[in-house]
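Since the structure comes first, as structure tokens, the remarks are kept for the end.
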Amino acid sequence: MHAHAAPLALPAVRFARVVRHFGAVRAVDGVDLSIAPGEFFAMLGPSGSGKTTCLRLIAGFEQPDDGHIEIFGETVEGLPPYRRAVNTVFQDYALFPHLSVGENVAYGLRVRGVGRAERERLAREALSLVKLAGMETRRPAQLSGGQRQRVALARALVVRPKVLLLDEPLGALDLKLREEMQSELKGLQRALGLTFVFVTHDQSEALSMADRVAVFNEGRIVQVGPPEEVYEQPATRFVARFVGSANVLEAREAQALGGPARPCSLRPEKILLLAPGAPVPEGAAVVDARVTDISYQGPVRRISARTGQGLALTAAVPATAAGVMAGADIRFAVPAGAVRAMEGEQ
Amino acid sequence: MTRAPLSLKIAALGGLAFLHVPLLFILLYCFTTEEKSYAFPPPGFTLKWFGVVWGRADIWAAVGLSLKVASIATLLALVLGTLAAGALARARFFGREPISLLFVLPIALPGIVTGIALRQAFGLMEIPFSVWTIVLGHATFCIVVVYNNAVARLRRLSPSLIEASMDLGADAFQTFRLVILPNIGTALLAGGMLAFALSFDEVIVTTFTAGQQSTLPIWMLSELIRPRQRPVTNVVAVLVILVTFLPILAAYYLTRHGEAVAGSGK
């Protein structure tokens, strides 16, 4: 760490024009990134977008071909994973099958030369932190998926990393467990005040857990910001479609719906379905369309419709709304301000 | 489940009998009183051949040489085979496939080719025959057995285990000792035992690399020509069966939950 740098100003992780290619594929193609200490940071993107490679670059499993990476001000290019103060919770958990749960958790302490009694005590502490007290003697194979993940978490936390990396942490869990772990991870991160960086392809996971979300596409970050901002103000067509499948409108279409004359996004849940003869809300644009498809999704119904001008729109309306049939003529209202310009598009 | 027809059962039993009844005859003639030929039924039974074997120094010299060669070749194979497997199991580099083929070739190559090649090489380099020339000859196929076992196990080992170990602060050596070795241990044990058994009864390569020395199989081969004390060979053969069969059996039990023991065909 540089002695002259002010500790508070140091980002936990900083990428400057980082490039990593595999053969001809530019997996990471000039990524700039700054993650603040104590931040819960999500890297969101489809598979092959470079998010996992970025995580591996932080962990040290990959080395950048170009650019610069710092962890708390320390340059880490060329440093092997075992010399970095970051730890990883792997997607497949990577628990050592030949060791007990307790030995798994104590592994990092063991290779650091911590004495047996001390490391057993710390391992017990870490296991109770993830609510697995008393499981020390079990084998990983005897645990459920959710328990294995907690062990992986305890094993990474026990060596007190400065940054915790999580690779698709909830990917292998079922829905109920996933929701439980979401709030638990968030609580743990807050309680420990640690920097968490996690990779996911699930936008709802990123939005619900992260302080900030970086959306990846084709090896680049296309937008970074708090979840609300990324969701409400997608910067590009890709973000609009990938995060919450928004309607993407060309300049002319946006203008017709009361928006600015440039490419815009329109969230399906902002669109109102007007009952026949109902009054038009003040300032809203009205558009007539014919229903092409309906899908029921529990709390909402997604209505796909096409206007006379050929514009395809998807609206998410409360499922309680009166039954609309495919082929029916309906009227949508688009409230003022719902059509948002995409800053990253011309 | 369908039951096999009677004819198939008889054929299967016949096959097994064809394989194993000769072994019983070897055992039977350990105890015969007739020393010049194998007459059936044996004219009488005696235990004296065990005493004769006990008293013959040439047998014990051959047994000692065989054990020495097999142990050293196995040890060499364990070290080199594991290293080679570690290098070739996951790495992707130009020439990887040819190199792994070259590695397993000695076991596919007829022993007589390996033998001649080694003998000529030793001759060219003016290396005198010794225990070490036999060890080198045996190591050519022992390494393959260990390599095959280790590489199969390494490929099944999740690569993230090694990354997790490094991530938690272990360097390459600690990772090998604490994660890789415990996970491929049984494969190495099985490979090592097979290598030992293969080396212990090897004849062809040994013939070309031994010079005047006699390993146990070579001694038995030379003993067949002599007309006297024939049952002595049988007693030694039974000993060899025990020495080679026990490790193979142990290897089978240790790895039956894992993959097939590759390379056991030699």
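Cβ from N, Cα, C; glycine included.
These numbers come from a predicted model, not from an experiment.
The annotation domain 'ABC transmembrane type-1' is assigned in TrEMBL to B:63-251. According to TrEMBL, the feature transmembrane segment maps to B:6-31, B:69-89, B:101-121, B:127-147, B:176-197, B:203-222, B:234-254.
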Close approaches to the transmembrane segment (B:101-121) from elsewhere in its chain (Cβ under 8 angstroms; 6 or more beyond its ends): 84, 88, 133, 136-137, 140-141, 143-145, 147-148, 202, 204-209, 263, 265-266
Residues of the parent chain within Cβ reach of the transmembrane segment (B:127-147), under 8 Å, 6 or more residues beyond its termini: 65, 68-70, 72-74, 76-78, 80-82, 84-85, 103-104, 106-107, 111, 114-115, 118, 188, 191-192, 194-196, 198-199, 202, 205-206, 208-213, 215, 263-264, 266
Considering the transmembrane segment (B:234-254), which listed stretch of B:6-31, B:69-89, B:176-197, B:203-222 counts the most C-beta pairs under 8 Å: B:176-197
